[in-house]
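Only one structure is covered here, and it is reproduced in the block below.
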Amino acid sequence: PTPTFSPHNMRCLGELKARTVWLGCPEKCEEKYPKNGIKNQKYNILTFVPGVLYQQFKFFLNLYFLVVACSQFVPSLKIGYLYTYWAPLGFVLAVTMVREAVDEVRRHRRDKEMNSQLYSKLTVRGDSLTDYSPRWQPRGQPVIPHGYCLMSDGIFLNLLVNSEHAGSDTCACFIRTDQLDGETDWKLKVAVACTQRLPADLFSITAYVYAQQPELDIHSFEGNFTREDCDPPVHESLSIENTLWASTVVASGTVIGVVIYTGKETRSVLNTSQSKNKVGLLDLELNRLTKALFLAQVVLSVVMVALQGFVGPWFRNLFRFVVLFSYIIPISLRVNLDMGKSAYGWIIMKDENIPGTVVRTSTIPEELGRLVYLLTDKTGTLTQNEMVFKRLHLGTVSYGTDTMDEVQSHIVGTGASATPSHTATPSAPKVRKSVVSRVHEAVKAIALCHNVTPVYETRTGMAEAEGTEADQDFGDHNRTYQASSPDEVALVRWTESVGLTLVNRDLTSLQLKTPVGQILTFTILQIFPFTSESKRMGIIVKEEATGEITFYMKGADVAMASIVQYNDWLEEECGNMAREGLRTLVVAKKSLSEEQYQDFESRYNQARLSLYDRALKVAAVVESLEREMELLCLTGVEDQLQTDVRPTLELLRNAGIKIWMLTGDKLETATCIAKSSRLVARSQDIHVFRPVSNRVEAHLELNAFRRKHDCALVISGDSLEVCLRYYEHELVELACQCPAVVCCRCSPTQKAQIVRLLQQHTANRTCAIGDGGNDVSMIQAADCGIGIEGKEGRQASLAADFSITQFKHIGRLLMVHGRNSYKRSAALGQFVMHRGMIISAMQAVFSSIFYFASVPLYQGFLMVGYATIYTMFPVFSLVLDQDVKPEMALLYPELYKDLTKGRSLSFKTFFIWALISVYQGGILMYGALVLFDQEFVHVVAISFTALVLTELLMVALTVRTWHWLMVMAEFLSLGCYLASLAFLNEYFDLSFIATGAFLWKVCVITLVSCLPLYIIKYLKRKFSPPSYSKLSS
């Protein structure tokens, strides 16, 4: 697929240029290239402090407090002690910086761990030196063993160990690219022709590679290889089949290459977007509420000055009132929320039900409770990428996993005879005879029609083993299979399990071993590889023992239905298998006489030599063979899903989350997994968006799709690109109405673009989950990125905000921890605001009584103590509150839908809390005036004591599920207040506080301020209970 260009990528490409990389002439390589290390850090030593300060002061809340704190340096505006303003602000910034520093250190350690992996590289002296990949530069010649992940882009020069191609003409290897493009097929890579025959010491030649400038497209490359120490110089063109891209894994042999692109110039990094600082929706909502509070504060200050009559320096008085009421916006809000986020992260990581979960970004745990769209990768995320053979159907008889022993007995029975196709005991009935021979033919076809190569990795001296077939050690214990597709390996493994084993293969021949140990040799006459257009592959083989020539073909049912002879079962059985989530292949054969084959070969070679319309002519000649083929069987292979994928997807769907699958894999594979994982329900239709290449086609196809209702959409990356160019809004609007969307053949950049489109067009919160390097862009673009630590590396897990070990853990992460984090932060945020508003209401009443004087009610330590030791512990203990038990949240995922509406924190709930604050502030202040008319000098002690008690009772009113730490926090705070009375002589008169009248009057004021709220809460729970309380009861 053609990658999408983001502004970041365009900026990168502007600096890039083509290069010439020399072998054997290090003095000619003077140019500097980017370092090759992985870097996920947001800051460096110089940018850390300015960067963190900018991230903090871009929030209105913190900027406001900075201005207020700075105003206290002006004598005429000074209200109280400097430390009452600067200490909380300094504490907030210190907590934030420490948290960011810890996150940065963790990222640095993870990057260092990845960058410390050791690799070998060739030196000019001809020996091999162990080094770190970050030190690689273009011209370096790394030696990459089997199973290692490549860390830079390079050109394939030679194989150090080439066991599977011993004695063959090609120097080739397989690589796995699922971390780069999401495709499960292995890719065959071929070494540069003029370096294949050279010894391992490639510095002995004088040669250079010319490589085009780095590009985003992972499916194309243009370059040249020139060897100058020959006469004449050898020039060879380089293409994509000579390349070894970073983030791919060597699947066979030990590869020697030359590095051409490093670091930010590699294809995988160019397709990765810059990591950004993510801000949670709850933080944005609180930011809006603080702006509303600031507006209320200014209005209140203006009212106070207006009631004064705008006398004297009224402008200065206005600013003093603004500072006086500054507690209406609590500085402790950020501290409490940040500490709460850290607590949620710790709780998530300590949850024994989701072991191995890591919170990498501690600023957005509440996002887990607000998600509407989940965008998931396929390979390694939903599937294990392990294929298992499940079904063999012969038309009249079907074999499943529980009846494979019957197939084995048929093969063993026929293997004892030299002419297996005519094998049967004389007494066996005729029908039985035909089933045995048909089973044998089908298994033989599956064992021959593929591109699988058996590899004997632990075997020594294979290259020298040129004896007879009987002498060669085809032992089962050290054989592995390599192929471009895991489906093919699954089929060949199955034929081995039933008795017919592929033991050797090179470019011209195949060898099968029967159950009795006999070796059958077949000469490969022609191979017609699988293409996405033809959807089938074919092979013509000649059995050496009998001289029979047979054309075998296998492919998708849509391609094979018109090729095979008429039958009445193929279409129905394909549908049955597809509904089970199996990947189907139709296998057929055609026997050819020597004359027929010679005629075909001459026409085929002639077509291959034609200069015009070569591809069409070759296809026409092959199609002349593909007529009236004998249908042998239908096979069903299952791509093993990750544990509990189906129930997890069902849970998420019931929670109102829309799931989109974005994969780099083929359309058929993606559709199959969508069905088998129940991403698409059995009863739902699937609309496959036809390939479009221009505006007219896109318009017609969108109209066809608009007429469909309640069906899943399957669209390819190319078609998506065209539609987004001309009809972006229409496509996104239609896709958002679908119950499920599958995007196949997506490049990493396209995945990120789809995430951004959803964010722009729906304004809903998105979550991306993946396990490969090709998912990093998507994970970083989403509001919440989740990485799975897969078999293929930790790139996605390192770049993500949350890292899990299995897909099924996402259910608990969202339903339980997402819910709790959001509900707790919403309650905590609003309570901290209430704590500030109630004291501002009391200040307003106090000022209005004293002729609107801008004099503070509480000074110095009382204000600092009120926001910290007197109320902090009970308020912060709200992070332990929960409205629903975890088991209930998982049993009724529908509860999650309420969270996405954002009702726990809205202008409505905020307004209710503001009314409560005004009521309680007024009661506390006026109550103190009414009951203490004779001792008004003690109003500070009276009102402050009642205020602390009210706050403690309000925490108790807010709590939904008590935790022992909450009870402890309540009594600890009350104890701290009572103990501190002894040291607050300058504010309180201890002899007055000890009187009984003081105690009962304080209790009455507190009771009047809190009791009505308790009664209202009881009535509301009785007559209009929330949905979760109905379930709990």
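From the backbone N, Cα and C atoms, a Cβ is placed for every residue, glycine too.
As annotated by TrEMBL, domain 'P-type ATPase N-terminal' applies to 29-86.
Listed as Cβ neighbours of the transmembrane segment (83-102) (distance under 8 Å, sequence separation of 6 or more from its ends, same chain) are residues 43, 48-49, 52-53, 55-56, 62, 65-66, 68-69, 72, 326, 331-332, 334-335, 338-339, 342, 362, 859-860, 863-864, 867. The transmembrane segment feature in TrEMBL is assigned to 83-102 (among others).
Taken from TrEMBL, the feature transmembrane segment applies to 292-312 (among others). Listed by sequence, the residues of this chain that lie at least six past the ends of the transmembrane segment (292-312) yet keep a Cβ under 8 A from its Cβ atoms are 60, 64, 318, 321-322, 324-326, 328-329, 833, 836-837, 840, 844, 847-848, 851-852, 854, 907, 910, 914.
Under the heading transmembrane segment, TrEMBL lists 318-337 (among others).
Among the features that TrEMBL reports, ATP binding site is placed at ASP377, LYS378, THR379, GLU488, PHE530, LYS554, ARG583, THR663, GLY664, ASP665, ARG745, LYS751, ASN774, ASP775. GLY664 (ATP binding site) is surrounded by 29 other CB atoms, counting those within 10 A of its CB over all protein chains shown.
Sequence annotations record features per position, and here TrEMBL assigns active site, 4-aspartylphosphate intermediate to ASP377.
The Mg(2+) binding site feature in TrEMBL is assigned to ASP377, THR379, ASP771, ASP775.
Sequence annotations record features per position, and here TrEMBL assigns domain 'P-type ATPase C-terminal' to 798-1025.
Residues 289, 293, 297, 300, 304-305, 307-308, 321, 324-325, 327-330, 332-333, 336-337, 858, 866-867, 871, 875, 910, 913-914, 916-918, 920-922, 924-926, 929, 943, 947, 950-951, 954 of the same chain sit 6 or more residues outside the transmembrane segment (832-852) yet have a Cβ under 8 Å from a Cβ within it. Here TrEMBL flags 832-852 (among others) as transmembrane segment.
Per TrEMBL, the feature transmembrane segment maps to 858-880 (among others). Within the same chain, residues 80-81, 83-84, 87-88, 327, 330-332, 336, 339-340, 343-344, 824, 827-828, 831-832, 835, 839, 940, 944, 947-948, 951-952, 955, 958-959, 963, 965-966, 969-970, 972-973, 976-977, 980, 984, 987 sit at least 6 positions outside the transmembrane segment (858-880) and bring their C-beta atoms closer than 8 Å to a C-beta of that stretch.
What TrEMBL records for 910-930 (among others) is transmembrane segment. Counting residues 6+ beyond its ends, the transmembrane segment (910-930) has Cβ neighbours under 8 Å at 289, 292, 296, 830-831, 833-834, 837-842, 844-846, 849, 936, 939, 942-943, 946-947, 950, 954, 1004-1005, 1008-1010, 1013 in the same chain.
Residues or ranges marked as transmembrane segment in TrEMBL: 936-957 (among others). For the transmembrane segment (936-957), the list of distant contacts is 831, 834-835, 838-839, 842, 857-858, 862, 866, 870-871, 874-875, 877-878, 920, 924-925, 927-929, 966, 970, 973-974, 977, 987-989, 992-993, 998, 1001-1002, 1005-1006, 1009-1010, 1013-1014, 1017: same-chain residues at least six beyond its ends, Cβ to Cβ under 8 Å.
Listed by sequence, the residues of this chain that lie at least six past the ends of the transmembrane segment (964-984) yet keep a Cβ under 8 A from its Cβ atoms are 861-862, 865, 869-874, 876-877, 880-881, 945, 948, 952, 955-956, 990, 993. Among the features that TrEMBL reports, transmembrane segment is placed at 964-984 (among others).
Here TrEMBL flags 990-1016 (among others) as transmembrane segment.
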Spatial separation of ASP775 (Mg(2+) binding site) from GLY664 (ATP binding site) - C-alpha basis, Å: 10
Cα-Cα distance linking ARG745 (ATP binding site) and ASP775 (Mg(2+) binding site), given in Å to the nearest integer: 13
Number of other Cβ atoms within 10 Å of the Cβ of ARG583 (ATP binding site) across all protein chains: 22
ASP771 (Mg(2+) binding site), number of other Cβ atoms within 10 Å: 32
For the binding-site residues ASP377, ASP775, the one whose C-beta sees the most other C-beta atoms within 10 angstroms: ASP775
Number of Cβ atoms other than its own within 10 Å, given for ASN774 (ATP binding site): 32
Secondary structure tally of the domain 'P-type ATPase N-terminal' (29-86) (DSSP, helix then strand then coil): 29 helix, 0 strand, 29 coil
Rounded mean pLDDT for the residues that make up the domain 'P-type ATPase C-terminal' (798-1025): 87
Cα proximity to ASP771 (Mg(2+) binding site), best match among binding-site residues ASP377, PHE530, ARG745: ASP377
In the chain carrying PHE530 (ATP binding site), residues 6 or more apart in sequence that have Cβ under 8 angstroms from it: ASN451, SER485, ARG536, MET537, GLY555
Other CB atoms, at most 10 A from the CB of THR379 (ATP binding site): 29
